[in-house]
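Let me begin by presenting the structure, written as structure tokens, before commenting on it.
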């Protein structure tokens, strides 16, 4: 299959590769630095509760995301696009193919968590007796979870604010810049997570402030960085292949909900390990077919966007 660049005769505004890298680095650092602005720069009193603390961070993340979007729009001169929909599509913000953008990445990502699903189902089967008890228990648990989730500020942080702002900055803003900076798609997939990982280095400082010794903090952050790099590869791949920001957002939310995949569990007598391997093999087998650009776009010509796909008939 031809690459997006060869599918589209026109070319987006070009910027230097060095400028693209510098802009991405500044965005990554700014996304973290602005989180400390309320107390360090604005001299606000320390937050009195976790809710207040996170509300401040939500506002800071929104400011950083908006600033990154404006910077990208300026560097790529998206104002020259006559259609507002084309302007938004530069960032992968689109109203078409919503079903594919939600369902396909969700199903694809869930394959990696086959071991996790088996472990949880095994636990549920061993915890509850009859089918009626399982049905009642599931309904009660679901209602309780929804009620608690709406009021839980950590739920908003992990499943709304972080996925949306991080994907906007580290995928929707950075990847178009790097593409227009002349970098190959394969290079961007492996390069962009470096900036994504930089945004998580502040956890080392925060863990140390909480009294965690340096080596333990380094180990915890090291695992986090490894996980964010792997996920960053996947999220960048999704965004480049589909041209739709919703795809990596859905994957991000789902991964935050599931945590690290379960590779094995002694309780399942090897079933979790078999499920994990089967899911992983299926994931890589379906990775390219499930992210084929034809599934997420109407046609491949007369498009002003960086991905070269025309999204509206």
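Note: Cβ is positioned from N, Cα and C throughout, glycine not excepted.
Annotation comment: TrEMBL describes 14-37, 58-79, 99-123, 177-198, 218-240, 245-264, 270-288 as transmembrane segment. Feature annotation from TrEMBL assigns domain 'CAAX prenyl protease 2/Lysostaphin resistance protein A-like' to 153-258.
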Surrounding residues of the transmembrane segment (270-288) on its own chain - C-beta under 8 Å, 6+ positions past either end: 108, 110-119, 122, 237, 261-264
Long-range environment of the transmembrane segment (14-37) - Cβ separation under 8 angstroms, sequence gap at least 6: 57, 60-61, 63-65, 67-68, 71-72, 75-76, 165-166, 169-170, 173-174, 177-178, 180-183, 192, 195-196, 198-199, 201-202
Ranked first among 58-79, 177-198, 218-240, 245-264 for CB pairs under 8 angstroms with the transmembrane segment (99-123): 245-264
Within-chain partners of the transmembrane segment (245-264) [C-beta distance under 8 Å, separation at least 6 from its ends]: 91-94, 98, 101-102, 104-106, 108-110, 112-113, 115-116, 118-119, 158-159, 162-164, 166-168, 171-172, 227, 231, 234-236, 238-239, 270, 272-273, 276, 291, 296
